[in-house]
Every structure is written in C-alpha cells, then in structure tokens.
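Down below is the structure, laid out as structure tokens.
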Amino acid sequence: MNIVVATHNEGKLVEIRDILAEEFGDGAHDIELVSAGSLGLPDPVETGITFEANALLKARFVARLTGLPAIADDSGLIVDVMGNAPGILSARWAGEHGNDAANIDLLLAQIEDIPDDDRTARFRCAAALVVPIAAEEDVADFEADPSDGMDDGDGLVDARETVVLGEMPGTIVRHPHGSNGFGYDPIFMPDEQPAGAEESGELLTSAEMTPEQKNAISHRGKALRALMPAIRELVETGE
C-alpha cells in the first residue's frame with residue numbers, strides 16, 4: 001500500500017511511520033510512505049481559512065496529481081486573548097514565512113501586558129486523508145497547478161475524505177526556553193507535562209522536551225492518531 005504525504009519535510013514521514021508502527025505493529029511494513037517533495041511535486045497555494053480546509057486542500061492536490069491516497073496536515077498556534085490569532089498565519093505572523101525568531105518576538109510584544117493567567121493558548125492540527133476511488137487514466141500526466149488543489153479536484157472522479165483534529169493546550173511564557181523543536185515551541189508550555197515535571201516544579205516548554213516527550217502529547221501526534229482508523233480501513237479494504 002503506497003501513501004503520499006503532502007510535505008517537503010522528511011521529518012514528518014518519520015513521525016507518521018512511528019505512529020503507524022504503534023497502530024499496525026509489523027504490519028506497518030506493508031505501508032510505503034513517500035513525500036510529495038521526493039516526487040518533485042510543488043506545494044499548493046493554501047487558500048483555506050481554516051486548518052481543516054488547508055489540510056484537505058493539500059491532500060486533494062497530491063491525490064489528484066498521483067492517483068494515490070494522500071495524507072496532509074496543517075497546524076498553527078491559537079492564542080485566546082488574541083482572538084485565536086495567529087492561527088493559519090502562524091508561520092508568517094511577522095511577515096516572512098518561517099522566520100521563527102521574528103514571529104516569537106512579535107507575539108511576545110503583542111501580549112507583553114497580559115497577566116500570566118490569561119496567556120492561555122493551544123496548538124491545533126488538522127490531518128486529512130484523501131483516498132481516490134476512481135482516477136483519470138492519465139493522472140500522472142496532469143500538469144501541477146498549485147493554485148487549484150482545493151477548487152475542483154481535477155483528475156479525481158471520486159474520493160473518500162477524512163479530516164480530524166488534534167490539540168495541545170498550554171500557556172505562552174514570557175521568554176523563550178529550550179532549543180528543540182521549531183516555531184513557537186520555545187515560548188509554549190504545554191498543560192500536559194512529562195512524568196515527574198510537575199512534581200519537581202520544573203515545567204518544560206515544548207522546546208525543552210525531547211522529541212519523544214513532545215510527540216506523545218503533540219497536536220500533530222493526536223491528529224495523526226485520530227486518522228489511524230481511516231488508514232486502517234484503507235489498508236484492510238484497499239480503498
């Protein structure tokens with residue numbers, strides 16, 4: 001069973017493989033994951049206004065181009081006192097896409113005067129699985145158009161779609177701590193802490209956790225685990 005993951009980040013494949021191993025055991029070896037990046041596929045333009053819409057857009061885009069089942073996710077940070085911003089703009093909150101330091105600096109400045117008890121936030125992830133039920137014969141020859149992955153599903157006669165959510169609630173701290181992870185991890189302290197952290201009084205930001213500790217509680221991990229029943233159905237039925 002081949003499944004394309006709509007990402008250019010090979011690290012996501014590792015995380016999904018780990019979760020597949022949890023779910024399927026030795027059967028995970030029957031599932032071959034390949035990234036959109038390794039196939040030379042472009043990223044679609046993310047025109048959705050929700051995480052769910054963008055995850056589905058990306059999965060549809062890849063499924064359309066390959067004729068294969070596709071997994072995609074979209075995630076970001078929601079700060080309650082900011083009216084759920086930065087939300088889908090999380091990666092480019094300061095203007096430049098992926099400038100983590102600038103995004104953190106701007107966010108901290110915007111809530112500088114907010115009391116600690118009111119700095120609640122959560123990471124949210126939407127994960128989507130799109131399974132083509134029937135595809136055009138020449139699907140591999142379609143020209144990649146990053147702008148229309150959401151609009152019409154050209155190349156898919158029909159498809160089964162599943163979208164799920166995962167969240168990691170927490171608090172925005174006042175200064176960055178830790179060097180692991182990426183994005184807003186250095187200023188986000190999850191409510192759920194590793195064993196022993198609360199007892200010791202040394203609460204950790206996401207960036208102070210090991211990858212294993214973070215993946216066990218992360219929004220993406222929760223969303224991907226919620227997607228596993230749909231993937232199991234795909235593996236067992238082949239459709």
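Here the Cβ of each residue, glycine as well, is placed from N, Cα and C on the backbone.
Pulled from Swiss-Prot, these are the features on record:
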- ASP74: active site, proton acceptor (ACT_SITE)
- THR7, HIS8, ASN9, GLU10, GLY11, LYS12, SER75, PHE182, GLY183, TYR184, ASP185, LYS214, HIS219, ARG220: substrate binding site (BINDING)
- ASP74: Mg(2+) binding site (BINDING)
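Minimal Cβ crowding within 10 Å, among the binding-site residues GLY11, GLY183, is found at GLY11. ASP74 (active site, proton acceptor) is 14 Å away from GLY183 (substrate binding site) when you measure Cα to Cα. When Cβ atoms from all protein chains are considered, those within 10 Å of ASP185 (substrate binding site) total 25, not counting its own. Within the same chain, residues at least 6 positions away in sequence whose Cβ sits under 8 Å from that of HIS219 (substrate binding site) are SER75, ARG122, PHE123, ARG124, CYS125, GLY166, GLU167, MET168.
Put plainly, the binding-site residues THR7, ASN9, SER75 were compared by Cβ crowding within 10 Å, and the winner is SER75. Sequence-distant contacts of ASP74 (active site, proton acceptor), defined as residues of its own chain at least six apart whose C-beta falls under 8 angstroms from its C-beta, comprise GLU46, GLY48, PHE51, GLU52, ASN54, ALA55, LYS58, ILE88, CYS125, ALA126. DSSP classifies ASP74 (active site, proton acceptor) as strand under the three-state reduction. Pairwise Cα distances among THR7, HIS8, ASN9, GLU10, GLY11, LYS12, SER75, PHE182, GLY183, TYR184, ASP185, LYS214, HIS219, ARG220, which the record gives as the binders of substrate, peak at 21 Å. In three-state terms derived from DSSP, HIS219 (substrate binding site) belongs to a helical segment.
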